[in-house]
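Can you keep this structure in mind? I'll have questions shortly.
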Amino acid sequence: MHQLKKLITVKVIGSGEKTVVLGHGFGTDQSVWKHLVPYLVEDYRVVLYDNMGAGPTNPDYFDFERYASLEGYAYDLLAILEELQIDSCIYLGHSLSSMTGVIASIFRPDLFSKLIMLSASPRFINADDYYGGFEKEDIDQLSQAMDTNYKSWIEGFAPLVIGGDMDSVAVQEFSRTLFNMRPDIALSVFRTIFTFDLRHFLCRVTVPCHIIQSSKDLAVPVAVSEYIHQNLGGKSIVEVISTEGHLPQLSAPEVTIPVLLRHISHDITSNAAP
């Protein structure tokens, strides 16, 4: 971890007996939680970190082989918890990081009291028995567009994912953090995420899971959250919030933050109501 600590920006703030660890998704960094953190610091110890490859990290140290699968990110997360001597945490992961939490919790279930999964998907590409929202050809076209002109790709991709136009603050913020990534790293991470199939991991998860997503998300159809719920190995609950876009914590914080706070503070009860 000492080497990892030099590469990944880890921030620990707040006070409280319980620890909340926040993991961000593709194209963002820990700043994506800026609307949530002020509501946590009085009651919780809060840990924020940047995934390797995110803008604030040193691109020269990005290991393309290590991060060609989510296990690399999961090992980083476990190393952070070990270094900070965290023996139990509430883990809130967005998109990519929600599945990182899934894998890490399989390796070390004792370290996680629960997972909160925001805009999560175990597979983005459709299969015969599964609707992920994309065809392989869609991903190939997006990858090609990224490779051809990264800046132009961001201008088209960011509004679609956020669910707004280029003038919106959330789209501008997502565009900024996307642009901060080195293009070849962004392309590698994009391909890793959009071609993985982690469905087989779900049944091995024993930690309670809170699954939250927007009612309209271009990247994650509502059916995906229900699929996760039905296939997890432990207790789980789904909440679909009346927001649009893949990053509701950024685009609609007034709706999303109260929901996240409720799931952080309340556990799943026997009647599956948070």
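A Cβ is built for glycine as well, from the same backbone N, Cα and C atoms used for every other residue.
These came from Swiss-Prot, pasted as-is:
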type	residues	note
ACT_SITE	Ser95	active site, nucleophile
ACT_SITE	Asp217	active site
ACT_SITE	His246	active site
With every protein chain in view, what's the tally of Cβ atoms within 10 Å of the Cβ of His246 (active site), excluding that atom itself?
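If we count other Cβ atoms within 10 Å of His246 (active site), we arrive at 27.
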Ten-angstrom check, please: count other Cβ atoms within 10 Å of the Cβ of Asp217 (active site), all chains counted.
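That number is 24.
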Could you round the CA separation between Asp217 (active site) and His246 (active site) to a whole angstrom and send it over?
5
As a test of the contact definition, list every same-chain residue at least 6 positions from the residue listed as 'active site, nucleophile' whose Cβ is closer than 8 Å to its Cβ.
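Spatial neighbours, sequence-distant, of the residue listed as 'active site, nucleophile': Gly25, Phe26, Leu118, Ser119, Ala120, Ser121, Ile193, Ala219, His246, Leu247.
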Does DSSP give Ser95 (active site, nucleophile) helix, strand or coil?
coil
